[in-house]
Amino acid sequence: QRRDVFHTSFLTPPIIAEAMLAIEKLADIKAVAQGGYPQAERCRISAGHPDSMRSDPDVVAALSISGNFRLEPCSHGDFLGAILGAGITREKVGDILLQGERGAQVLVDPELVDYLTSTLEKVGKVGVSCTQIPLLAIEYEPPRTKSFKTVESSLRVDAVASAGFKISRTKLGSMISSGDVRVNWSLVSKSGATLKAGDVVSVSGMGRLKRHSTSAGF
C-alpha cells in the first residue's frame, strides 16, 4: 500500500530460486535478484510494487582489495575471514572473486563501503588497500562447462571433487579445512560427506561440478 521496496540480505542460489518462485505467485509484486554481475551466485532480492520497481535498485557495491599476494597467496576463506573479522556478518557479503597475486574483488551491501575502505588493512599476513570500484569494473569469466564420467570407489566429496577438478585428495582435504569447498553452497566440514544426485560441489577459484544422476555422471 505504501509502495515500499524491500531488500533482502545476500542469499544463496537455492534460497533465491525458492523465494523468486514464491514471489511470482503474489499479485502486484515485482522482484529482481542482483549480485553485481551476470554470473553472481550470492544475490540480494528486491521486491515491491511494479510502479516502484521501474529500474533495478542500487543494492550491491563492489570493492577491490589489493595487495602483493605473490609470496603469500590467500584463499577465498582468507578474504572472507578478514571481512568477517572486521565485524561484518556473512549475509552482508556477496561473491568474492579472486585475482591471484593482485588480491580480490568483493561484492557487499553499499552501507558497508565506507567502513570497509577505512578499516580493512590486512588479509592473512598481507597488507592491503580497499577501494570502491564500479560494478562495470568487475572482472569475471563467462562460465565454461563440460561433462565427464568417473569411476570412483565411493561418492565421497573428496573422491569425486578431486577427480573432477584434477587435484589430489590431500590438497582437496586441506581446501575443505580452509573453508574453500561447499556442497549446495553450504560449507563442507568433513571429507567423507556423500554426494547425492543433483548435488553441486563448489571449490573456490576452480569452479563447480554437479552430480547428474545415480550413474555418477557429472
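Yeah, the Cβs are placed from backbone N, Cα and C, and that goes for glycine too.
Confidence for the domain 'RNA-binding S4' (155-214), expressed as mean pLDDT, is 84. Summarising the annotation, TrEMBL assigns domain 'RNA-binding S4' to 155-214.
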DSSP-assigned states of the domain 'RNA-binding S4' (155-214) in counts, ordered helix, strand, coil: 18 helix, 15 strand, 27 coil
